[in-house]
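Annotated features in Swiss-Prot:
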type: REGION; residues: 1-181; note: region 'Large ATPase domain (RuvB-L)'
type: BINDING; residues: Leu20, Arg21, Gly62, Lys65, Thr66, Thr67, Glu128, Asp129, Tyr130, Arg171, Tyr181, Arg218; note: ATP binding site
type: BINDING; residues: Thr66; note: Mg(2+) binding site
type: REGION; residues: 130-148; note: region 'Presensor-1 beta-hairpin'
type: REGION; residues: 182-252; note: region 'Small ATPAse domain (RuvB-S)'
type: REGION; residues: 255-333; note: region 'Head domain (RuvB-H)'
type: BINDING; residues: Arg291, Arg310, Arg312, Arg315; note: DNA binding site
Amino acid sequence: MARILDNDLLGDEEYVERTLRPQYFKEYIGQDKVKDQLKIFIEAAKLRDEALDHTLLFGPPGLGKTTMAFVIANEMGVNLKQTSGPAIEKAGDLVAILNDLEPGDILFIDEIHRMPMAVEEVLYSAMEDYYIDIMIGAGETSRSVHLDLPPFTLVGATTRAGMLSNPLRARFGINGHMEYYELPDLTEIVERTSEIFEMTITPEAALELARRSRGTPRIANRLLKRVRDYAQIMGDGVIDDKIADQALTMLDVDHEGLDYVDQKILRTMIEMYGGGPVGLGTLSVNIAEERETVEDMYEPYLIQKGFIMRTRTGRVATAKAYEHMGYDYTRDN
């Protein structure tokens, strides 16, 4: 069963996100540092009539990397062609995509860290000098064919920038670190979504919903849909702070944006290991989750909110975690 607070896309959310997707920077809420940098780089590239430098967008899932790629294309006034690392299985697949590009086009590769190395190596000359060399035929009849490519921009998105090879990372001239959203920006996103879908929501309810959305627009929009359902059945359709609190409590999302899995992690650390330190592998076994799942999906938010600290000897529950979970905290803990 999928978590309501899962950062990854669930069900029909890809369609929903396309519906909500802003088209230009003026419509894009939050990520001001990345936007301000990109505005300058895009304007300069347009003045020189050049393709934008290759751009890497990295950060946790659900923060708008794909949306930012489409905004970049719209601001540049060029076409965007979209694919993903896992979808490009062979070097020939990438060659076909590159050969189909027009001058100035943007090639967006989501989950770029999951490309096979043989595919990645094709990108090196394509990104640096706009050409590729491919082998035609097999055995003694094989020959190398040189293909020139039009100037293009590769926009890569990844949740795990550390997994990119150094040669690939070095070829990105622009790096955009997408961070968790601040509460005012997330509240504005909730209000914008409710307006698009013609929901009635009070400012207090929008704030409460944003507060429990883990700094992630994707989660905020998902929770808003579920709260809307609750308001229609249990109320008069209006989402106020009382209805929002009741619905989110029913969904096991507490006031800090933690769900039952987050709480299970903290409870396990406190009850079984005295608050830690405890190794990630040991913790994962105890809560019956994959190590990578804990590391990528749960831990970043718990660390950001100050519930967990990473140390050389393992993970440690903080005083804030003890207080939030209703345990007494002493220095001995």
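Glycine is treated like the rest: Cβ placed from N, Cα and C.
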(request) Quick one: among the binding-site residues Arg291, Arg310, Arg312, Arg315, which has the most Cβ atoms sitting within 10 Å of its own Cβ? (result) Arg315
(message) What whole-number value in Å do you get for the largest C-alpha pair distance within Arg291, Arg310, Arg312, Arg315, the residues recorded as binding DNA?
(response) 17
(message) Going by DSSP, is Arg310 (DNA binding site) sitting in a helix, a strand, or coil?
(response) strand
(request) Provide, as an integer number of angstrom, the distance between the C-alpha atoms of Glu128 (ATP binding site) and Arg291 (DNA binding site). (result) 37
(message) Which one is it: of the binding-site residues Tyr130, Tyr181, which Cβ has the fewest other Cβ atoms within 10 Å in this structure?
(response) Tyr130
(request) Just name the most isolated of the binding-site residues Leu20, Gly62, Thr66, Glu128, going by other Cβ atoms within 10 Å of its Cβ. (result) Glu128
(request) Could you find out if DSSP has Thr66 (ATP binding site) as helix, strand or coil? (result) helix
